[in-house]
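> One structure, pasted below without further comment.
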Amino acid sequence: MTATVTFTGNAPANADSSVVEWVEDIAQLTQPDRIVWCDGSDEERQRMLDEAVEAGTLIKLNPEKRPNSYLARSNPSDVARVESRTFICSEHEDDAGPTNNWAAPAEMRETLNGLFEGAMRGRTMYVVPFSMGPVGSPLARLGVQVTDSPYVVLSTGTMTRMGAGALAQIGPDTEWVPAVHSIGAPLLPGEEDVVWPCNETKYIVHYPESREIWSYGSAYGGNAILAKKAFALRIASKIGEREGWLAAHMLLLKATNPEGRSFHVAAGFPSACGKTNFAMLQPSIPGWTVETIGDDIAWLAPGPDGSLRAINPEAGFFGVAPGTGHSTNPTAIATLERDTVFTNVALTDDGDVWWEGLTDEAPSHLIDWLGRDWTPDSESPAAHPNSRFTVSAHLCPSIADTWDDPAGVPIDAIIFGGRRATNVPLVAQARDWEHGVYMGATLASERTAAAEGVLGELRRDPFAMLPFSGTHMADHWQHWLNVGERLNDTGNAPLVFQVNWFRRGEDGRFLWPGFSENSRALAWITERIEGRTDAVESPFGLVPVDGAIDYVAAGVSSEDWEALFAIDPEALNAEADDTDVFLARMGTKVPDAVKRQHEEFRSRL
Ligand code: PGA
Ligand code: MN
């Protein structure tokens with residue numbers, strides 16, 4: 001530390017010296033022109049929005065169509081998470097495991113020091129304190145991100161409890177997660193008009209032991225809003241492992257049956273598999289309601305009463321726009337009516353937004369996400385397949401009034417799911433917690449546009465955490481088994497289920513209508529919790545008895561209903577073989593319980 005503080009003279013008076021000194025260190029390294037400490041106020045947000053419009057980073061939408069809403073267009077090379085550039089730099093490679101990119105921390109620090117040196121020259125460095133979870137909740141955790149991207153500040157302002165309230169929580173003994181973000185080396189002369197600067201070189205780096213995050217070269221959501229995937233999942237999975245709680249890539253919802261009994265459900269599906277749609281479900285069954293608590297991340301901790309309590313650590317939704325429409329997710333459409341930042345969707349001629357699936361018919365003319373003229377005859381989609389909306393959770397009409405309860409909500413059921421054209425039934429209940437951990441551990445899904453890679457390819461995505469675990473995946477499974485044992489001891493372990501909305505018939509058609517009809521599977525799950533309905537054994541677990549789910553009311557034929565639960569021994573044996581290969585790849589840390597469950601699965605075939 002230099003004796004005279006050159007950069008942080010404008011730090012708020014109550015900022016803890018640990019934060020001030022860290023900010024000073026990062027400023028010395030990255031050499032920004034100035035530092036702005038964000039207070040999270042409405043005035044600050046409006047000022048930054050106006051500045052971004054002035055700079056061309058944001059386009060203000062027509063206030064009559066979409067009040068106080070904006071469109072951002074990214075650099076075409078910066079549209080999704082880059083898993084190949086995401087690193088878990090634990091001291092020992094074995095603590096990152098075979099599913100993560102690992103690099104030795106000392107080497108990585110040297111590489112990053114080189115890249116970050118002078119990286120913020122000519123720009124403002126924003127200091128962005130935030131709380132994951134309600135400020136002051138025993139389940140909440142704190143962080144501070146520095147960034148040179150106003151878009152990232154605005155996004156963090158929506159996605160977290162950002163600003164002075166969070167900073168005030170940090171005292172001399174408070175643990176907080178430092179997160180350093182830069183869009184990369186300063187612009188070359190002549191590049192000043194680039195509206196979404198980023199760098200060819202990208203690094204998203206986590207040091208799980210020291211709980212630090214460093215991200216370079218990208219301004220895209222999951223790479224740059226470090227509170228979200230980097231902190232609330234990767235670093236938090238490590239913190240949770242030490243402290244006895246679970247960081248999960250799960251939505252949270254509250255379902256209430258016609259008798260008025262409520263159930264809380266956490267559901268883990270991979271990215272772009274419908275977590276937001278499920279969290280905002282409008283049940284097709286009369287008398288049922290579903291309320292939203294979160295759409296992406298849940299922190300689950302055994303509570304004082306022995307139940308599993310859950311909070312949504314986030315404060316907003318960063319959802320996939322395409323496929324979100326009046327018929328698929330009317331609640332999301334209502335949420336997005338105002339105060340929303342859209343990224344990489346299309347612009348209509350009257351200054352509103354459009355994306356594939358918003359309406360049945362596309363407008364006759366649009367400006368596409370690349371800023372080009374677009375008509376329905378154009379070859380490429382008008383919105384990028386991973387285009388997004390960023391909006392505050394409290395604007396969601398279905399938000400539960402308990403969504404920000406500092407004590408969290410008690411979880412009754414945990415659901416795993418993915419996109420599976422074959423093999424996996426519509427719904428099945430795990431025999432017990434251990435079987436549920438096996439369901440989560442062996443989860444697979446077809447690849448979506450949320451990350452780089454080949455679309456449609458089947459990949460294992462254990463616990464829907466493949467891109468988001470800060471630990472060895474097998475350690476993550478053991479941790480789930482350990483937490484389950486504590487819950488079992490008190491008789492409070494939630495029931496575990498697996499669902500699949502995406503099974504297809506031989507003709508390639510979806511067998512299940514999905515969306516609001518998914519309430520039928522959800523209702524069955526709650527009936528299992530209440531012990532109101534029987535189930536029958538299948539290789540996957542316990543499945544509904546005849547008549548337990550009214551598929552006719554969902555418009556499904558009895559042939560399709562049977563196909564939704566059909567067992568193809570040959571295909572399942574091939575899948576079990578694939579699981580052998582997968583478990584072998586996970587190495588010697590695979591818990592015996594998971595191996596035992598796999599043998600049992602085989603023996604049931
Ligand atoms: P998701 O998260 O891919 O799980 O939707 C968004 C992101 O952070 O990129
Ligand atoms: Mn997600």
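FYI, residue positions are counted from 1 along the chain as it appears here.
Even glycines carry a Cβ here, placed using N, Cα and C.
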> In TrEMBL, the GTP site includes ALA272, CYS273, GLY274, LYS275, THR276, ASN277, ARG388, PHE515, SER516, GLU517, ASN518. Which of ARG242, ARG419, ARG486 does it also list there?
ARG419
> Out of SER41, SER131, SER262, SER271, which does TrEMBL tie to the same substrate site as ARG81, TYR220, GLY221, GLY222, ASN386, SER387, ARG388?
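Site partner of ARG81, TYR220, GLY221, GLY222, ASN386, SER387, ARG388 for substrate, according to TrEMBL: SER271.
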> Note down the number of other Cβ atoms within 10 Å of the Cβ of ASP296 (Mn(2+) binding site), including every protein chain shown.
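There are 26 of them.
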> Excluding LYS229, HIS249, ASP296, please set out which residues of the same chain place their CB within 8 Å of the center of the CB atoms of the Mn(2+) site, keeping sequence order.
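Along the chain, the qualifying residues are GLY222, LYS228, ALA232, LEU233, SER271, ILE297, PHE468.
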> Fewest neighbouring Cβ atoms within 10 Å: which of the binding-site residues ARG81, LYS229, ARG388?
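ARG81, out of the binding-site residues ARG81, LYS229, ARG388, has the fewest neighbouring Cβ atoms within 10 Å.
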> For a quick check of packing: other C-beta atoms within 10 Å of the C-beta of PHE515 (GTP binding site), how many?
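Its Cβ has 18 other Cβ atoms within 10 Å.
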> Using DSSP and three states only, what is ARG388 (substrate binding site)?
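It is in a strand.
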> Name the one residue among GLY222, LYS229, ASP296, ASN386, SER387 whose Cα is closest in three-dimensional space to that of PHE515 (GTP binding site); these are the binding-site residues.
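Considering only the listed binding-site residues, the nearest one is ASP296.
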> Going by C-alpha positions, which of the binding-site residues (ARG81, GLY221, ARG388) is nearest GLY274 (GTP binding site)?
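Comparing Cα positions, the closest of these binding-site residues turns out to be ARG388.
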